[in-house]
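Asker: As annotated in TrEMBL:
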| type | residues | note |
| --- | --- | --- |
| REGION | 1-65 | region 'Disordered' |
| COMPBIAS | 39-63 | compositional bias 'Acidic residues' |
| REPEAT | 88-130 | repeat 'WD' |
| REPEAT | 131-172 | repeat 'WD' |
| REPEAT | 226-253 | repeat 'WD' |
| REPEAT | 257-298 | repeat 'WD' |
| REPEAT | 355-396 | repeat 'WD' |
| REPEAT | 397-435 | repeat 'WD' |
Amino acid sequence: MESESDSGAAADTPPLETLSFHGDEEIIEVVELDPGPPDPDDLAQEMEDVDFEEEEEEEEGNEEGWVLEPQEGVVGSMEGPDDSEVTFALHSASVFCVSLDPKTNTLAVTGGEDDKAFVWRLSDGELLFACAGHKDSVTCAGFSHDSTLVATGDMSGLLKVWQVDTKEEVWSFEAGDLEWMEWHPRAPVLLAGTADGNTWMWKVPNGDCKTFQGPNCPATCGRVLPDGKRAVVGYEDGTIRIWDLKQGNPIHVLKGTEGHQGPLTCVATNQDGSLILTGSVDCQAKLVSATTGKVVGVFRPETVASQPNLGEGEESESNSVESLGFCSVMPLAAVGYLDGTLAIYDLSTQTLRHQCQHQSGIVQLLWEAGTAVVYTCSLDGVVRLWDARTGRLLTDYRGHTAEILDFALSKDASLVVTTSGDHKAKVFCVQRPDR
């Protein structure tokens, strides 16, 4: 449904001056950044040597654990049709995370509660290799920018990196309890946030290390900005820091009323890195200028907009922001809430444009590149596609017998890969009549 301009957004936020309209197209105006992307070798050279870790190599087994038909006997309460093309079934417990290789989008890495991670082929589910050696749930996994390396991280803070073509471990490190992990967008540099408040950055595989010390509380989420020179990190105390990766110092710190009134849960940036969107258990999504570090917009769901602000450290009992992101072709942002609400906000007017309700909580959302279509996965085990221009449900995909815990979308939006509490990962072929 659509909302008037006084619904779903803060009334006293300053106008967003970086947005403009051109003819019939709605475009986010690019904020000037440093000219041209730096060379990966130059980026790697800029990372100062602080520490060095010896790596160990382990040989991996090579088993196949895939099925092309729905499996019987899976524990769960969501039995029904299976729209998936491939089911990967080697995990023996909940599958927490999935990532696709960015270069070819032909490989997936999944990690789970069984302390295991697997690299496998999307076309038929064939296992390429197992990432062995973890002793706790694998909650983070991802490929490097050029798909040559794959990193896995478990809850205890053990991180491992494998060379994809040789299937060999080339680096490992034990940090504190792991909160998040992400590869640099253009260099073999890995970042991670831990429960002690630190953000770590390593050159891989030589192990040169730098740490960015935050407050004495977990660094709950983080994202490298598109320029590759800065990272935004959110913390459990509600503060937000934008770090200079080369100098190692915070460029901007948002705290108090500028920050959140509860732990941060997610963070996203737009394509050119001029805008940052942060989400928290305080049910607010804050739009921040990456250049000035100032909050330029605050979005709240209608259901809690009239409630008084939570005190410091307090959390909403019934709702929180779980995922968010920017549309690449229109000035729109999507925010997914634990109560099942998908809110589409118009950034130019800072108003609620559509509100799309799910039967259960939203776990994650992703925008399709080059379109105004947003994908959601939720605790009811269903993937849904929404047209953000109209708020209309385009289609949905079913097949899991438990909640979906993570999902990934191929660059051409032809495949959706999901992981679930039913111990399975599934590949869905996306077919849309509108394209």
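Using N, Cα and C of the backbone, Cβ positions are placed for all residues, glycine too.
Note that the structure is predicted; figures quoted are calculated from it, not measured.
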Asker: If we skip the immediate neighbours and take only residues 6+ beyond the ends of the repeat 'WD' (355-396), which ones have a Cβ under 8 Å from one of its Cβ atoms?
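Answerer: Contacts of the repeat 'WD' (355-396) (Cβ under 8 Å, skipping residues fewer than 6 from its ends): 1-3, 8, 76, 78, 301-302, 322-330, 332, 334, 336-344, 402-409, 411, 413, 416, 418, 420, 422, 428, 430-432, 434-435.
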Asker: Can you tell me how the residues of the repeat 'WD' (355-396) break down into helix, strand and coil by DSSP?
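Answerer: Tallying H, G and I as helix, E and B as strand, the rest coil: 0 helix, 25 strand, 17 coil.
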Asker: Quick one: average pLDDT across the repeat 'WD' (88-130), no decimals.
Answerer: 98
